[in-house]
Amino acid sequence: MTPLHEIARDAFHPDAPRRVGVAVSGGSDSMATLHLLADQFEVHAVTVDHGLRPEAASEARAVAAACAKLGVPHEIVHWDGTRAQGNLMDAARRARMELIGAWAQRHGVAHVALGHTADDQAETFLMRLSREAGLEGLSGMRRRYRAEGVCWHRPFLGVTRADLRAHLREIGVAWIEDPSNADPRFERVRARHALAGLADLGITAQGLSRTVGHLAQARDALDAGLAPFVARHIREEAGALYIDADAFTRDLPDQLRRRVLNAALQWVAGAPYPPRGAKLDRLLGGLAPCTLHGCQLSAAGQSVLICREAAAIADLRVPASRGHWDRWHVEGPASEGLEIGALGPDGLAQLPDWRALGTPRAVLLSTPALWAQEKLISAPVAGFESGWKARMEAGSFAVTNFRR
């Protein structure tokens with residue numbers, strides 16, 4: 001067993017799953033991840049065809065052939081990237097996660113590996129540095145996190161792309177060079193070029209990756225120190241958070257307020273990344289009503305309520321058999337023909353007693369509901385269960401973020 005095999009194995013400790021999914025684009029990072037994991041786990045592979053380049057379909061077929069040679073089950077899933085609006089790279093990333101998450105759940109895959117390397121970590125650091133990110137952003141990509149109903153792993157964040165390519169050459173495996181990786185229109189490509197220009201100063205991808213690791217340790221230490229404040233002054237209910245507004249401004253310095261607010265917005269939105277630093281600054285002096293990062297902030301007595309922004313998920317519906325919707329894991333009886341979507345105003349209208357719960361309307365609007373077309377079948381968070389249950393996929397806010 002090579003050192004890279006040991007890194008791959010240890011990345012899944014203590015879960016030790018029997019079956020692992022691998023997202024494979026055909027590039028060197030994902031091909032190395034595929035081979036290193038296939039030697040040790042029952043691997044299932046998936047490729048997302050974004051439909052953005054003429055070569056994408058043939059590249060996906062090449063990955064399928066490589067997987068067949070390894071005896072690895074493989075599936076191609078499709079996204080129509082030509083219809084994306086706004087930030088194309090961000091839209092592609094979000095679509096990729098949703099598609100792979102749905103694929104994983106269909107195949108009973110609870111753990112999915114991504115091929116990110118120390119180079120990606122260093123590039124991400126430079127990109128976030130350009131946005132004046134705080135400690136959370138500069139702490140880099142996490143080695144593991146939960147989203148879209150699965151646990152995502154990045155086993156090779158401490159390994160350079162050059163090392164993974166050297167392994168592929170040693171075992172005689174080719175990879176695909178994506179021409180978009182050289183297109184300076186994309187921010188990550190510009191960050192890659194900037195990183196190469198820092199070599200004369202002794203700044204390398206692996207060195208920056210280690211620095212990011214130090215920052216992550218500092219973040220975790222701050223989080224441990226914040227645990228008592230969170231326990232006393234933040235209450236969690238129905239996927240929303242109530243923060244004691246006076247304690248927030250009185251007891252915490254700016255940097256700790258930023259950390260608490262970052263964590264709260266990420267948890268409520270179910271987002272893998274924190275909001276941009278500049279958008280957060282206006283809230284640090286006091287939690288004013290607004291919408292930010294897919295969340296809605298409003299006054300609730302002496303507290304500020306942070307809940308999911310209903311408009312952000314109003315049109316999101318998935319088959320109930322998928323079992324995952326937005327931030328929620330939803331399970332119940334036979335679900336053929338049913339969809340999971342937001343409870344919304346139409347759902348509340350079918351629940352005449354919802355006010356008896358004492359939960360604010362803004363919170364309930366964004367909770368999951370089971371629908372048969374326009375008929376409400378269940379609203380488990382709103383007290384209308386009918387055999388269905390829902391829980392926040394990320395787990396408790398306090399435990400997830402402040403007890404490491």
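Glycine residues also receive a Cβ, built from the backbone N, Cα and C atoms like all the rest.
If you look up TrEMBL, you'll see SER25, GLY26, GLY27, SER28, ASP29, SER30 marked as ATP binding site. There are 20 other CB atoms within 10 A of the CB of GLY27 (ATP binding site), with all protein chains counted.
Taken from TrEMBL, the feature domain 'tRNA(Ile)-lysidine/2-thiocytidine synthase N-terminal' covers 20-193.
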Spatial neighbours of SER28 (ATP binding site) that are distant in sequence (at least 6 apart) but have CB under 8 A: ARG161, LEU164, ARG165, LEU168, TRP175
Output field, ATP shell: CB within 8 Å of site CB centroid, site SER25, GLY26, GLY27, SER28, ASP29, SER30 dropped: VAL24, MET31, ALA32, GLY115, TRP175, ILE176, ASP178
Protein Cβ atoms within 10 Å of GLY26 (ATP binding site), excluding its own: 23
